[in-house]
Amino acid sequence: MAGMKTSPSQDEEACVLAIQLATSTVLPMILKSAIELDILNTISKAGPGNYLSPSDLASKLLMSNPHAPIMLERILRVLATYKVLGCKPSELSDGEVEWLYCWTPVCKFLSNNEDGASIAPLLLVHQDQVPMKSWYHLTDAILDGGTAFNKAYGMNIFDYASQDPQFNKVFNRSMAGHSTITMKKILETYNGFEGLKSIVDVGGGSGATLNMIISKYPTIKGINFDLPHVVGDSPIHPGVEHVGGDMFASVPKGDAIFLKWIFHSWSDEDCLRILKNCYEALADNKKVIVAEFIIPEVPGGSDDATKSVVHLDAVMLAYVPGGKERTEKEFEALATSAGFKSFRKVCCAFNTWIMEFSK
């Protein structure tokens, strides 16, 4: 553009980044294949510090395609570039160099842990053909109004999932894996459940989150609150009572009310309705415990935590009418508007922030 002067080195760097952005679909699709081929789990099982060659990997994965090692090498190179894998050279007997690949901390979270949980299903759901189609409608949604997913399917993502058993399975698996990993970290980091006699998990689904809380704090009575058809199919958990209802109508009473990743699916008006019902369900000096992502006040941050949350905000923009990630000030404003006397940001667990709204 006229008037914009850059040095040759700045131009070089900027153009290289532009090309990387232009081909940025490569990384998620390579990761999708790596997960579907069980590459990451196989490398993780080898253990930290143990390296595998592409040929080793093809053999362990029982691949019959004679070209598989060469193709795997190209996939592994991409993953190593983004620190999903580590790599080192190994000199062969003929003097040629072969590259070997190993586990990294990022690979740890994209592989099954001791609980069988992983972030991998979260990646698979976002690369699934169903939600991918919605991105082709984002431009129209911005120009004409509405939500990209609704334009693609005529309904929101939650209603669609209830009508598509295969996608529903993929969706639920992604939520379960992410939730298990995050809740485990929350329970290691946050001590605000100590001393509670009862806790209500609003929008608690099958009760898995509440079961994790009660397993650590067995004297707490847990109330898992969700829509009747959701809790009707939920498994029995010791110390957990399933209660069906509508959070927009009322919320069961408890010492504390827990809401994890609920508010980012709703508009400010809907969040306020939910919070006012929570306020009515609490005695004085009791609290709502909120677990949500917090988006920075100032745009332009380049750290991984910021990139992660702005990605999730874009996901909510495309998939969920009214859904969005919020700043700390926006959460505090919601708490104040609902009548709570204090707001406190307590701690962070894998980019999910714990906040307390006290009555």
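Just so it is clear, glycine is given a Cβ too, placed from its N, Cα and C backbone atoms.
Taken verbatim from Swiss-Prot:
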BINDING   HIS126, HIS264  bergaptol binding site
SITE      HIS126  site 'Determines the catalytic selectivity of hydroxyl groups in esculetin'
BINDING   SER179, GLY203, ASP226, ASP246, LYS260  S-adenosyl-L-homocysteine binding site
ACT_SITE  HIS264  active site, proton acceptor
What's the CA to CA span in angstrom from ASP226 (S-adenosyl-L-homocysteine binding site) over to HIS126 (bergaptol binding site)? 25
For LYS260 (S-adenosyl-L-homocysteine binding site), the three-state class that DSSP assigns: strand
When the binding-site residues HIS126, LYS260, HIS264 are compared by other Cβ atoms within 10 Å, fewest goes to HIS126
Just how many other Cβ atoms lie inside 10 Å of the Cβ on ASP246 (S-adenosyl-L-homocysteine binding site)? 12
If you draw a 10 Å sphere around the Cβ of SER179 (S-adenosyl-L-homocysteine binding site), how many other Cβ atoms fall inside it, taking every protein chain shown into account? 21
Measure the Cβ-based neighbour count of GLY203 (S-adenosyl-L-homocysteine binding site), defined as the other Cβ atoms within 10 Å of its Cβ. 19
I'd like to confirm something. Which of the binding-site residues, SER179, GLY203, ASP246, has a Cα closest to the Cα of HIS264 (bergaptol binding site)? GLY203
Cα of GLY203 (S-adenosyl-L-homocysteine binding site) to Cα of HIS126 (bergaptol binding site), in Å and rounded, measures 22
Cβ atoms other than its own within 10 Å of the Cβ of ASP226 (S-adenosyl-L-homocysteine binding site), all chains, total 22
Looking only at C-alpha atoms, tell me how far LYS260 (S-adenosyl-L-homocysteine binding site) is from HIS126 (bergaptol binding site), rounded to the nearest Å. 20
Separation of alpha carbons, SER179 (S-adenosyl-L-homocysteine binding site) and HIS126 (bergaptol binding site) (Å): 16
Over the residue list SER179, GLY203, ASP226, ASP246, LYS260, recorded for S-adenosyl-L-homocysteine, what is the maximum interresidue Cα distance in Å? 22
